[in-house]
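Q: Below is the structure I would like to discuss, written out as structure tokens.
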């Protein structure tokens, strides 16, 4: 029977990146894992197919070979058949199949397994990220079966597999090639459970919603990860559990924009404040602070408040707060206010206007020069 396309096996596009491949492989492996499907030959075959596909597509060189030549890239004769200048096909098969089934191509001992790592995304408000917070989270996971203490055996007894003799692998000879593959008798575990636990059906693990308390340190930012060692899935047959990785995502804030340990905000001021100068109050993480606005301040001027940013989670130094002034045009004017502004505008005439609005005058001169050059 011809092999299925590796991308089809994992259910991803041919343009899938490393993260998409990893997620697809995890879904596939969880669905067909022998520990979850004891005695199911079809599931075991699908599991091996998933691992083989991921082994090739997750390796840059093998993926390029596969994209160029398909499955033929790993068949006898491709690349010179192991002769000078070409890859040793026995090494290629040993690399692929050995890594897939937990051993080296030379038939080394079965590697110890552990539980899978779990990822969790925690969304925080800026205030929580800056000050730190303790959160209770609930995650679905595979926990050690309490009835058999994770052994999978009702009476706690296991027997050494009489096919692989405890190695979990068998050596298959196909022509001139020797390959390692998981033992069909024990599913790669190296042991046989005579009396499977009725609760976990010999798996040693049960599905469970675990509740944990996670302490988030002050100063974290989007993309930071917190590792909780041993809080991942329980390992099969009493092997060590995996880890839990909590990834932080900080929500957008109504006032502040964060850039590392610095904060940025906009401070609206009136035309009169910008022209005459004033003192305005601004919000900071620690309360209010004052900024002195000098006379003739223009939109876009930055004011720096040292140490009013975020305390770094790594160095414990503090960032700064940058306040950008925005001169706000007044709206909803009363008749008296409109008349005053009209009187004020009437004072700008001729060369006198250039003195009071230098940027506007420079812009007008630039436009005039442009049209003079265009029409000359």
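Yeah, the Cβs are placed from backbone N, Cα and C, and that goes for glycine too.
Feature table excerpt (Swiss-Prot):
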- 145-152: repeat 'CXXCXGXG motif' (REPEAT)
- 145, 148, 197, 200: Zn(2+) 1 binding site (BINDING)
- 161-168: repeat 'CXXCXGXG motif' (REPEAT)
- 161, 164, 183, 186: Zn(2+) 2 binding site (BINDING)
- 183-190: repeat 'CXXCXGXG motif' (REPEAT)
- 197-204: repeat 'CXXCXGXG motif' (REPEAT)
- 223-242: region 'Disordered' (REGION)
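Give me the structural setting of these features: burial, nearby parts and distances.
A: Beyond its flanks by at least six residues, the repeat 'CXXCXGXG motif' (145-152) meets 158, 193, 196-200, 202-206, 234-235, 237-238 of its own chain at Cβ-Cβ distances under 8 Å.
In the three-state DSSP scheme, residue 148 (Zn(2+) 1 binding site) falls into the coil class.
Annotation for residue 164 (Zn(2+) 2 binding site): same-chain Cβ neighbours under 8 Å, separated by at least 6 residues, are 170, 183, 185, 186, 190.
Long-range Cβ contacts of the repeat 'CXXCXGXG motif' (183-190) within its own chain (Cβ-Cβ under 8 Å, at least 6 residues beyond either end) map to 34-35, 38, 41, 44, 101-102, 110, 160-164, 166-170, 236-237.
Long-range contacts of the repeat 'CXXCXGXG motif' (197-204) within the same chain, counting only residues at least 6 positions beyond its ends with a Cβ under 8 Å from a Cβ of the stretch, are 35-36, 38, 144-148, 150-154, 234, 236-238.
Packing against the region 'Disordered' (223-242) from elsewhere in the chain are residues 35, 112-118, 141-144, 149-152, 158, 189, 191, 203-205, 210, 212, 214, 216-217, 248-249, 313: each is 6 or more residues past its ends and has a CB under 8 Å from a CB in it.
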Q: Across the repeat 'CXXCXGXG motif' (161-168), what is the average pLDDT of the model, as a whole number?
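A: 88, rounded to a whole number.
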Q: Determine the Cβ neighbour count for residue 183 (Zn(2+) 2 binding site): the number of other Cβ atoms within 10 Å of its Cβ.
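A: Cβ-Cβ neighbours of residue 183 (Zn(2+) 2 binding site) within 10 Å number 22.
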Q: Starting from the Cβ centroid of 145, 148, 197, 200, the recorded Zn(2+) 1 site, name every other residue in that chain with its Cβ within 8 Å, sequence order please.
A: 146, 147, 149, 150, 151, 152, 153, 154, 196, 198, 199, 201, 202, 203, 204, 205, 206
Q: For the repeat 'CXXCXGXG motif' (161-168), DSSP counts of helix, strand and coil?
A: 0 helix, 0 strand, 8 coil
Q: Give the distance between the Cα atoms of residue 200 (Zn(2+) 1 binding site) and residue 161 (Zn(2+) 2 binding site), rounded to the nearest whole Å.
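A: That comes out at 20 Å between the alpha carbons.
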Q: Could you measure between residue 161 (Zn(2+) 2 binding site) and residue 145 (Zn(2+) 1 binding site) for me? Cα positions, answer in whole angstrom.
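A: The separation of the Cα atoms works out to 22 Å.
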Q: Taking the Cβ of each of the binding-site residues and counting other Cβ atoms inside 10 Å, which one has the highest number: 148, 161?
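A: Comparing the binding-site residues 148, 161, the most crowded Cβ belongs to 148.
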